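Following: one structure in structure tokens, then a few remarks.
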Amino acid sequence: QVRKYCPKVGYCSSKCSKADVWSLSSDCKFYCCLPPGWK
């Protein structure tokens, strides 16, 4: 599931840290990294 935007709490990166939730969004070239347990 690709998000339209990466939430403000997240960040765009080619590689997220192990603790982060890996997500995809249209405004990110690679991955949208989100903090664990985010809502």
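Even glycines carry a Cβ here, placed using N, Cα and C.
What you see is a predicted model, and the numbers here were worked out from it, not measured in a lab.
These come from Swiss-Prot:
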type: DISULFID; residues: C6-C33; note: disulfide bond
type: DISULFID; residues: C12-C28; note: disulfide bond
type: DISULFID; residues: C16-C32; note: disulfide bond
type: MOD_RES; residues: Q1; note: pyrrolidone carboxylic acid
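Sorting the disulfide-bonded residues C16, C32 by the number of other Cβ atoms within 10 Å puts C32 first. Over all protein chains present, the Cβ of C28 (disulfide bond) has 19 other Cβ atoms lying within 10 Å. Each of the disulfide-bonded residues C6, C12, C33 was scored by how many other Cβ atoms lie within 10 Å of its Cβ, and the smallest score goes to C12.
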